[in-house]
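Take a look at the structure below.
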Amino acid sequence: MTTQLSVNVNKIAVLRNSRGGADPDVVQAARACIAAGAHGITVHPRPDQRHIRADDVLALSALTREHGVEFNIEGNPFAPPRGDYPGLLQLCRATRPEQVTLVPDGDGQLTSDHGFDFAQDTVQLAELITAFKRLGSRVSLFVDAGNPDIARAATLGADRIELYTGPYAHAHASGQADTALALFANAAQRASAAGLGINAGHDLSQANLGDFLAAVPGVLEVSIGHALISEALYQGLDASVRAYVDILRSGHVSA
């Protein structure tokens, strides 16, 4: 089975919101990604709506259903509703995405930069996982590769984990990928042994994705946004998506 590509379109919304208009059109960009071979679309709506807004989530849900591809909504399940942000659970009730990825990011974070600490908030997290699964959504938890308690994600009711790959990308760029890859491979093995599916995301790029997939077993899906959109500035959006699809097709999911 080929690892699936879910394109995160947050950066398209960042560019649109910087001018306060409707361009670039997030839905049109997502449609182009799907046409180029993306297997799904990811969004991460935040309470401050600095990029993806609630109305984008509804529109992208309709688009992904029209094209029969996966819709993955990321977000902090503990963030309460405010203003025009109805809360992650309510957005998922309205759209019933195929996958919900829970991320413990705070309002002040520029981007997601750490996974869950399963020593905290486990009871509330388990209750929320149950609520999302009642919607028919697969639930994935954002985790650090070095977390010794990855198997607890299964105990809490999660279906998958998403490995936070920022540290790997940094190590790869500095020529020190081997140690990081060993850590991520071990994390994937521990997750698989616990019955969890494995996703990965954050700072994966055309330069480092192939090495990651060659070393880390069983990666079912990668979520890529910032690098893909950055590369699209030089290559074009269609070509950038196709380049990732080609990398994924050159490998396969190994147990």
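Every residue, even glycine, has its Cβ placed from backbone N, Cα and C.
Feature annotation from Swiss-Prot assigns 3-amino-2-oxopropyl phosphate binding site to ASN8, ARG19, ASP203, GLY225, HIS226. ARG19 (3-amino-2-oxopropyl phosphate binding site) falls within a helix when secondary structure is assigned with DSSP.
HIS44 (active site, proton acceptor) falls within neither a helix nor a strand when secondary structure is assigned with DSSP, and so counts as coil. Taken from Swiss-Prot, the feature active site, proton acceptor applies to HIS44 (among others), supported by sequence analysis.
Counting every protein chain shown, 22 other Cβ atoms lie within 10 Å of the Cβ of ARG46 (1-deoxy-D-xylulose 5-phosphate binding site). Taken from Swiss-Prot, the feature 1-deoxy-D-xylulose 5-phosphate binding site covers ARG46, HIS51, THR111, and the record attributes it to sequence analysis.
Residues or ranges marked as active site, proton acceptor by Swiss-Prot on the basis of sequence analysis: GLU74 (among others). Reduced to three states, the DSSP call for GLU74 (active site, proton acceptor) is strand.
Residues annotated as site 'Transition state stabilizer' in Swiss-Prot: GLU162. Less than 8 angstroms from the CB of GLU162 (site 'Transition state stabilizer') sit THR101, SER140, LEU141, PHE142, VAL143, ASN199, ALA200, GLY201, SER223, each of them six or more residues away in the same chain.
HIS202 (active site, proton donor): 25 other CB atoms within 10 A of its CB, across all protein chains. The annotation active site, proton donor is assigned in Swiss-Prot to HIS202.
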10 Å Cβ neighbour count around HIS51 (1-deoxy-D-xylulose 5-phosphate binding site)?
23
Would you kindly give the Cα-Cα distance separating ASN8 (3-amino-2-oxopropyl phosphate binding site) and GLU74 (active site, proton acceptor), rounded to the nearest Å?
10
What count of other C-beta atoms do you get within 10 angstroms of the C-beta of HIS44 (active site, proton acceptor), across all chains shown?
23
Based on Cα distances to ARG19 (3-amino-2-oxopropyl phosphate binding site), point out the closest of the recorded positions HIS44, ARG46, HIS51, HIS202.
HIS51
Which residues in the same chain, at least 6 apart in sequence, have a Cβ under 8 Å from the Cβ of ASN8 (3-amino-2-oxopropyl phosphate binding site)?
ILE41, THR42, VAL43, HIS44, GLY201, SER223, ILE224, GLY225, HIS226, LEU228
Which entry in the list of recorded positions, GLU74, ASP203, has its Cβ near the fewest other Cβ atoms, using 10 Å as the limit?
ASP203
